[in-house]
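Reading through the structure tokens given below for one structure.
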Amino acid sequence: MLKDALKIKVDRRDGKLAMAHFYVAFIALAVGGLAGLLQTLVRSGKFELPAGIGYYQILTVHGVVLGLVLTTFFIMGFQISVVSKTAGTLTNRQRLIGWIGFWVMTTGTVLAAIMILLNEASVLYTFYAPLQAHALYYIGLTLVIVGSWLDGTVIIMKYIEWRKQNPGQASPLITFMALVNTLMWIVATIGVAATVLLQLLPWSLGLVDTVNVAVSRTLFWYFGHPLVYFWLLPAYMAWYVIIPKIIGGKIFSDSLARLSFILFLLFSIPVGIHHQLLEPGIDPAWKFIQVILTFLVVIPSLMTAFSLFATFENYGRSKGAKGLFGWLKKLPWGDARFIVPFIGMLSFIPAGAGGIINASFQMNQVVHNTIWVTGHFHLTAATAVVLTFFGIAYWLIPHLTGRVLTKKMNKLAIIQGVTWTIGMTFMSGAMHAAGLLGAPRRSSYSEYGGSAQAAEWIPYQIAQAVGGSILFIAIILMLYIFVNLAFFAPKGDQEFPIGEPLSNEKPPMVFENWKLWIGITILLILFAYTVPFIDLIQNAPPGSKGYKLW
Amino acid sequence: MHVHKFEKIWLTFGVAMLLVFLTVIGVSAFYLGNKPPSCLATIDPEKVDTQAPFNEPGLKKVEGKEWDYELVYVASAFAYQPGEVEVPFGAKVKVIATTKDVIHGFQVAGTNINMMLEPGYISEHIATFDKTGEYLVLCNEYCGVGHHMMMSKIKVVEQ
Ligand SMILES: [Cu+2]
């Protein structure tokens, strides 16, 4: 019965809901990508923005539109698709909640975008109180979060329904994973919702005069770090469950995949202070405790790396591969659905190493707020995650629109992935190098009064512009492929690949004990944050009034 | 739940490395004193100019402390006070800084001096200037339209 269910297409009506999310996501890619290109051009020193547009205005666009809009919309569309596919078509009520979520998110996006375009909100997506944006900017971003909660509700409802209908059975693996990511997202977004609703909004509306800056930052980063895991886990869903099917292999272990997701749930949230290592007002012992918790994600990361390569090797050997690395040759290198996410996986190796440096307590001082950090998350978010999302789009979009990925589009998709890789190698490589020399992030072009040190950074900034331009070409290719798959590709049945585990071993039911896992998650958060928050509130300096310095 | 033998080896090795690694940075921090700047002292951001030591920004020789000099900075959009300072070669200096308005960064390019300045808080870091030359001090945290113009200079000179 399960086997038959796996062949069924995603219901048309659920497909429409998912596609609505993808349209917004890819419009965001176009807008945010253009903003990114302009930033690298400005920083090369050879180009100035026309018509009074500010560098920090387009920097805000880039961060909001790619970091929040593209990711959240794509992830919600993807998660709704996999849940509809593996746990069953949404009920009318669930789908309605999904549509309301979509429109709430879209309204919020438009509101925030208008405020940024009017230059009322050049505070970046990280807020930076006491810089004070227009209240509608904060309201807009709040709506994006609230809408995502509604989308998340759909996934939770479907999961509960499935468990009721299948008592005593483990939920479908990818539905389980979507649920973990949703729960993590809800727990994490409480932080940003708290700073916006309790602090920034009343302050920007003039209801209160001052804001506690350190508390606001700590609440933001309580959200800001799990945010990156919220981007990453859908990529892991594809790596664990979808890629094995695409190559024709099996999932290495269903239970271990579930365990690694549970560990990500536990260790993604009580760690945000590692973004605040160089800040006053937080005791170094508590910073170090959060550093230790941060590093515990090494364990599920190692499990993931092992599982993926075990899947690849098992498959290669089943096809008769010999020798230590002979199995590599058996992988489907001509299939864009495999190779583009595979490049993403590889980029995670240097990306992970860089992340270890960033989080290493005192070593953070060498790189904090230099453009090294920007180089780092352009490997994690903008390569590992984004290329995996593109790899998903290549089959999911035509599956949902009743079309197919043609040979020609497959080839173009590979060219797209390779172009992206070349562009990112230049851009991220130059960012890492310039950062080690001290070049700051989030900064417009500057010669710093003729400083000899700043002059050393300029060749790297030109390399970043070269990389940025190549990346923009890759974005145009991706948009072309998206439009083709959404509207023009030939009609047909594109497979929705869902892998099956190597063994029939039943995963332990303890993984579905949410009282336990959410309970531990909350305990860890209380452990990591209670004392720092008490310190920040009890020893608070006088609050800050708002500034509009742009 | 079955765990493959190789995976057990892989995870045991990985977790062992992690413990070694965390021990190294822990010992470096709490035994050797290499902690990131985490000063807990506060100040009224509206009254920075009238309070010691920020009423007299710049370099001051001190006696009877673990460091030889105190170098005091006041940051505000989009400048540092002092805009330029000479530091004797080899001096052990405690850098003390705060901001009068929004959040700023304080980074001395090419050194490990790098800290966040937040309104209401004082940030400190002790460093030894053991290379002569001119160092660029810059703001590395977004603070507004002039953020990339915000700078100061430290000249480390033989005396
Ligand atoms: Cu500044």
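Each position is counted from 1, following the chain as shown.
From the backbone N, Cα and C atoms, a Cβ is placed for every residue, glycine too.
Feature annotations, reproduced from TrEMBL:
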type	residues	note
DOMAIN	A:16-487	domain 'Cytochrome oxidase subunit I profile'
TRANSMEM	A:20-42	transmembrane segment
TRANSMEM	A:54-75	transmembrane segment
TRANSMEM	A:96-118	transmembrane segment
TRANSMEM	A:172-200	transmembrane segment
TRANSMEM	A:220-243	transmembrane segment
TRANSMEM	A:255-273	transmembrane segment
TRANSMEM	A:285-312	transmembrane segment
TRANSMEM	A:338-357	transmembrane segment
TRANSMEM	A:377-397	transmembrane segment
TRANSMEM	A:418-438	transmembrane segment
TRANSMEM	A:458-483	transmembrane segment
TRANSMEM	A:516-534	transmembrane segment
Please give the sequence-distant neighbours of the transmembrane segment (A:377-397): residues at least 6 beyond its ends with Cβ less than 8 Å from one of its Cβ atoms.
18-19, 22, 66-67, 71, 74, 78, 81, 228, 231-232, 234-235, 238-239, 242, 246, 336-338, 340-341, 343-345, 347-348, 350-352, 354-355, 403, 405, 409-410, 413, 416-417, 420-421, 424, 427-428, 431, 478, 481-482, 485-486, 494-497
Would you report the average pLDDT that the model assigns to the domain 'Cytochrome oxidase subunit I profile' (A:16-487)?
93
Among A:96-118, A:255-273, A:338-357, A:418-438, A:516-534, stretch most in contact with the transmembrane segment (A:285-312) (C-beta, under 8 angstroms):
A:255-273
Between the stretches A:20-42, A:338-357, A:418-438, A:458-483, which one has more Cβ pairs under 8 Å with the transmembrane segment (A:54-75) than any other?
A:20-42
Intrachain neighbours beyond the transmembrane segment (A:20-42), with Cβ under 8 angstroms and 6 or more residues off its ends:
48-49, 55, 58-59, 61-62, 65-66, 69-70, 73-74, 76-77, 80, 99, 102, 105-106, 109, 393, 397, 400, 427, 444-445, 461, 464-465, 467-469, 471-472, 475, 478-479, 482, 486
Sequence-remote partners of the transmembrane segment (A:516-534) [C-beta within less than 8 Å, at least six residues beyond its ends]:
183, 187, 215, 218, 222, 262, 265-267, 269-271, 273, 282-283, 286, 289-290, 293, 510
